[in-house]
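So the structure is just underneath, and the comments pick up after that.
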Amino acid sequence: MHRIYTFLIFISQLALGLSNNPDIPIQYELANNIMENYQKGLIPKVRKGSPINVTLSLQLYQIIQVNEPQQYLLLNAWAVERWVDQMLGWDPSEFDNETEIMARHDDIWLPDTTLYNSLEMDDSASKKLTHVKLTTLGKNQGAMVELLYPTIYKISCLLNLKYFPFDTQTCRMTFGSWSFDNSLIDYFPRTFTNGPIGLANFLENDAWSVLGTKVNREEKKYTCCPVNYTLLHYDVVIQRKPLYYVLNLIAPTAVITFISIIGFFTSVNPFTNFCNVSSSVHDLRQEKITLGITTLLSMSIMIFMVSDKMPSTSTCVPLIALFYTLMITIISVGTLAASSVIFVQKLGSIGNPPASKTMKWTHRIAPFVLIQMPLVMKQAYAKRAKEEKHRKRMSRKNSMWTKVYHLARDHSKLMETVPDGAVKFNQISDFKNNDIGNMESPRMAESQTSETFAAPMDTSFTESLHIPELNRVASSNSIQSVLKPTEIQLTPYCTRNIVELEWDWVAAVLERVFLIFFTICFLFSAIGINLYGWYIWYTENHFLF
C-alpha cells in the first residue's frame with residue numbers, strides 16, 4: 001500500500017512538472033485544457049431552447065461545366081461556416097493572452113450542413129476539410145468556430161432550353177441540416193457587397209457568364225417532423241455566350257440553306273435561239289434534286305452535333321431545334337417545288353401548247369417577278385404573227401378571185417341572154433374600184449380609174465375594160481389554181497420548239513415566284529428566329545438585375 005501511494009505521488013509530480021515546463025507551446029496547453037471534457041459527437045449546446053446559429057457564406061470561384069443532356073451544374077466554390085461552440089471557450093489571460101487557435105476539423109463537433117440537390121453523396125469527394133479556427137469569446141462563453149473549405153458542387157439543375165443557344169439559366173443550391181431541426185441548428189446567410197455569393201475571385205468562363213446571385217431563407221415543415229427545418233436557397237443566374245453556336249452551327253446552316261434556295265430556283269441562260277432550244281431546265285434543273293438531297297444530308301450532320309447538347313425532353317422545343325426544323329422544311333419543300341418546275345418544263349416536250357389562261361396569268365405575273373419575255377420567244381411570236389397575217393392576206397386574195405370568177409360567169413350568161421344595146425355595168429365598175437383595186441397585181445391596177453359607164457355590148461367589150469384577168473379566169477383550170485389555199489406553215493421541229501419555249505417561259509416565271517417565296521420564308525425563319533433569341537438574351541442580360 002505504501003508503494004502504491006508513493007507511485008501516485010510520483011506521477012502527480014511528473015505531471016505538474018510537465019505542465020510547468022516552459023518548453024511546451026501555449027497552444028498545447030490550451031488545446032489540452034479546452035478538449036479535456038469535450039465530446040465531439042454531441043451537439044455543443046448548453047442552454048435549452050437556444051439553437052446553434054450557423055452562418056454560411058459562399059464565394060464562387062469557377063464554373064467548370066454545364067451539362068445540358070444530364071441536367072447538372074459543376075462549379076468550384078469556397079465555403080465558410082461560422083457558429084458559436086459553447087463548450088469551447090477560455091480566458092486569454094490564463095494562456096498568455098492567446099485568443100485564437102487552429103484545430104483539426106475532426107477534433108470538434110461540426111454541423112451536418114448538406115447540399116440537398118447534390119449529385120455527389122460522398123462529402124469527401126466534394127469537400128476538402130482541413131482545420132478550423134477557434135476564437136474565444138471568454139471563459140464559459142464559448143468560442144467562435146470558422147470552418148473554411150474549398151468544394152466542388154455537382155448540383156442538379158433543371159435547365160430551360162427553350163431559347164437555346166440564347167438561354168439564361170437559374171441554378172439553385174439548397175443548404176440545410178439533414179438531421180437537426182431549427183430548434184437545434186438554425187442557418188443564416190452572409191452576404192457580400194456584390195451579392196449573396198462573392199464573385200471577387202471568380203474566373204471568367206468562355207461559354208457562360210454570371211449575371212447575378214440571390215439567396216432566400218426558408219423555414220420548411222416536413223410531414224415527418226413536427227418542427228421546421230431551415231433551408232438556404234442560393235440562386236446562381238448564368239447566361240450562355242452564343243458566339244460559338246452562331247458561328248459554327250447557325251451561320252453555316254443559314255448559308256447552306258440560302259445557297260440551296262438560289263440553286264433550286266435560278267437558271268442560267270434558259271433560252272436560246274429559235275428552233276434550237278437548249279434550256280438549262282433540260283441540263284441544270286436535273287441536278288437540283290441532287291442538290292436538295294445533299295443539303296439535307298449536311299443538315300442531318302449539324303443536327304447530330306446539336307442533339308448532343310440537348311436533353312431528351314419534350315417539355316419545350318429549343319429555339320435552335322425550331323431553326324433547324326424550319327431550314328429542313330424549306331429545303332424539302334424547295335426540292336419538291338424544283339421538281340414541279342421540271343414537270344412544267346417537261347410538258348413542252350409533249351408538244352401541247354399551254355392553255356390561254358395559263359399564258360394570261362404568266363403574262364400578268366411576269367412583270368411583278370421581273371421576268372421579261374425572252375427575245376427568242378418574241379421573235380418566234382413575231383414570225384408566227386407575220387405568217388398569220390400573210391395567210392389572212394392570201395385568204396382575202398382567194399376570196400377576191402372567187403368574186404371575179406362568179407362575175408365572169410355571170411358576164412358570160414349575160415352576153416348569151418341580153419340583146420344588143422346599152423347596158424350599165426355598175427356592179428363591174430364597183431367591184432373594180434373596191435376589191436380588185438386592192439389586189440397586188442400591176443395589171444389590175446390599170447383598171448382602177450374606171451367609173452360607172454354605159455357601153456354597147458359588142459365583141460370588143462372585154463378589151464375596153466382592160467381586165468385581162470377576166471379572160472384568164474374563163475378557164476376552169478386557172479380558176480382552180482387561184483382558189484387553191486396558200487398557207488405558210490412552220491416545220492414540225494420549229495413548231496414543237498415554239499411550244500417548248502412557251503413552257504420554258506412558264507417554268508421560268510414559276511421558278512422566279514418560288515425563288516421570291518422561299519427567300520421570304522428563309523428570311524423570316526432564319527433572321528426572325530435568331531433576332532428573337534438575341535432580343536431575349538439582351539433583355540435578360542440588361543434588365544434581370
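For all residues, glycine too, the Cβ spot is worked out from N, Cα and C.
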Partner cysteine of C225 (disulphide bond, per Swiss-Prot) from C224, C275: C224
In Swiss-Prot, L203 and K389 sharing a membrane side: no
Minimum Cα separation from N228 (N-linked glycosylation site), reported as the residue among recorded positions N53, C157, C171 that achieves it: N53
List of residues, in chain order, with Cβ under 8 A from that of C157 (disulfide bond) and at least 6 apart: V66, Q71, Y72, L73, N117, Q169, C171, R172
Euclidean distance between Cα atoms of C225 (disulfide bond) and N97 (N-linked glycosylation site), Å: 45
Cα distance (Å, whole number) from C225 (disulfide bond) to N53 (N-linked glycosylation site): 20
Fewest other C-beta atoms within 10 angstroms, as judged across N53, N97, N228, which are the glycosylation sites: N97
Overall pLDDT of the topological domain 'Extracellular' (20-244), taken as the mean: 91
Disulfide-bonded residues: C171, C224, C225 - member with fewest neighbouring CB atoms within 10 Å: C224
